[in-house]
């Protein structure tokens, strides 16, 4: 597990390379906003080398985040992309199209239109009431899985245009993929009779592992894909939980605060994921070597595998997530086919409505 000192030192090197264009889905609050401030702080003296698209629902909060970040990093370019509900694939498509439009019409410094970093932190309360979107997806499953894969696929033209290795980061439950039995194959929608936030986590983390590995293979040397568990981070998410949870959390907070991650540290860890330590598959671009004891291992247990599942300090959780007893020759294809079929079906239906 890298220390915060190691993490900060690595992040401090980000401005030394070429300029960075980033997009943060869910960047108006919580972890997304902590990351935004970490990027602004990192580029405090190099503002002209940073452009960030903040995607979210609340324009007021976005204005506050952007104002604070511009003060921290004078000269940096911050843009708000409004999305009413990122559980909807149509809103993901709309947001992605707007990013592509703006980046194509006015590429950063007149350089090639591209996206170097894509962070996805958008979420809904995991203990809230089950809700089905107008597109037919469970809102929780969509927010933490389907909409995130859609973001990646829609923004691939910009991501693969990056002169760097583009980094894609999904913040949810990396390293928490354990609990899958050898005879289980949690691919598809969570059946109603076993629906629970733990079951949703099992299905979505299982599929995400295999789809990220598939993308890492398809876009070797171009994409690094990371699924991370941020730890217990104090923020507005707790106020959106059911009343019983808020009361319990208030009573337990003096104790839980001992285990909480500070917002500044969380933001710095998120920024650390943009460094070359998390390399694409087959990339030799400043990639760590297997002799590096702190080198992150991919979900396949190798250094530089391109698809990573990490704990709250960006530490590899390989033994838990390799699914050695669950991997079959067609597991990856099943996860990929289900995901693409689901997204394509929704896109076709949306096209007939538009």
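Cβ from N, Cα, C; glycine included.
The structure displayed is predicted, hence computed values, not measured ones.
Pulled from Swiss-Prot, these are the features on record:
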type	residues	note
BINDING	31, 85, 201, 233	NADP(+) binding site
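What Swiss-Prot annotates, mapped onto the structure for a quick look.
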| residue | record | Cβ within 10 Å |
| --- | --- | --- |
| 31 | NADP(+) binding site | 27 |
| 85 | NADP(+) binding site | 17 |
| 201 | NADP(+) binding site | 21 |
| 233 | NADP(+) binding site | 20 |
Per DSSP, to which secondary structure element type does residue 31 (NADP(+) binding site) belong, with helix, strand and coil as the options?
helix
Widest Cα span across the NADP(+) binders 31, 85, 201, 233, in Å?
23
